[in-house]
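Visitor: The structure is given below, and queries will be raised subsequently.
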Amino acid sequence: MKTCNLTDRMEVKMIMLLFQILAISTLKSDSADIPEGYIQENVALRGRATQSAQLRGDHSGIAHASNAIDGNRDSVFYHGSCTHTEADKPWWRVDLLQVYTITSVTITNRGDCCEERISGARILIGKHLENNGINNPQCSVIGPMAAGETKTFRCPQPMIGRYVTVYLPKAESLHLCEVEVNVLFPAPC
């Protein structure tokens, strides 16, 4: 039985990165399975969220950007676990606070209204905040989603980034009930 006795933090980080790359390269593009010896983790829970503009009016107090990374997939906006922006090319972004190799992003759509609004939104991943992260490379485009549906969007290849942005390039409000940023890590020794 092997034990983990590495003490040099940089060496450990480099080995973890190499394991992530190796694990990701063995995934089939249509496979939802996690390779043996690895765990998938939602790193968005550790992040900080922001959005272009928060909904104004009677329900503005429950429309915070951070609601989409609270770990709660409740899709009823009025329960206080969804975001809601104003209209006109809105965006929502999570700062993961460090760079990760990201394999996919899971989105939970609003379930009590307006499920069609999310269609056409782009998931962007990168290391830059230029244009609020909208200039970062694209992982996927969100197609039609059912009310309250949770769907995983796999990037064509693993993407390295600190910022994950959901951008809706039209004059419509954006609401997200959960955003999960999926990263593979070697299972603990």
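Backbone N, Cα and C atoms are what each Cβ position is placed from, and that goes for glycine too.
I grabbed these lines from Swiss-Prot:
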{"type": "SIGNAL", "residues": "1-31", "note": "signal peptide"}
{"type": "REGION", "residues": "40-188", "note": "region 'F5/8 type C-like'"}
{"type": "BINDING", "residues": "ASN67, ASP70, ASN72, SER81, CYS177, GLU178", "note": "Ca(2+) binding site"}
{"type": "DISULFID", "residues": "CYS82-CYS177", "note": "disulfide bond"}
{"type": "BINDING", "residues": "HIS84, ARG110, ARG117", "note": "alpha-L-fucose binding site"}
{"type": "DISULFID", "residues": "CYS113-CYS114", "note": "disulfide bond"}
{"type": "DISULFID", "residues": "CYS139-CYS155", "note": "disulfide bond"}
Visitor: Around the alpha-L-fucose site formed by HIS84, ARG110, ARG117, list the extra residues of the same chain whose Cβ is within 8 Å of the site's Cβ centroid.
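Guide: My list of surrounding residues reads PHE77, CYS82, THR83, ASN109, CYS113, CYS114, ILE118, SER173, LEU174, HIS175, LEU176.
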Visitor: In whole Å, how far is CYS177 (Ca(2+) binding site) from ARG110 (alpha-L-fucose binding site) when you measure between their Cα atoms?
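Guide: Cα of ARG110 (alpha-L-fucose binding site) to Cα of CYS177 (Ca(2+) binding site) measures 6 Å after rounding.
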Visitor: What average pLDDT does the predicted model assign to the region 'F5/8 type C-like' (40-188)?
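Guide: Mean per-residue confidence for the region 'F5/8 type C-like' (40-188): 93 out of 100.
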Visitor: Rank aside, I only need the closest one: which of the binding-site residues ASN72, SER81, CYS177, GLU178 has its C-alpha nearest to that of CYS114 (disulfide bond)?
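Guide: Checked the binding-site residues ASN72, SER81, CYS177, GLU178; minimum Cα distance to CYS114 (disulfide bond) goes to CYS177.
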Visitor: Out of CYS82, CYS113, CYS177, which of the recorded positions has the smallest number of neighbouring Cβ atoms within 10 Å?
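Guide: Fewest other Cβ atoms within 10 Å, among the recorded positions CYS82, CYS113, CYS177, is found for CYS113.
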Visitor: Consider the binding-site residues SER81, HIS84, ARG117 and say which one has the Cα lying nearest the Cα of CYS155 (disulfide bond).
Guide: ARG117
Visitor: DSSP on HIS84 (alpha-L-fucose binding site), three-state: which is it?
Guide: coil
Visitor: Would you pick out, from the disulfide-bonded residues CYS114, CYS139, CYS155, the residue whose Cβ has the largest number of other Cβ atoms within 10 Å?
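Guide: Sorting the candidates by Cβ neighbours within 10 Å, the top entry is CYS139.
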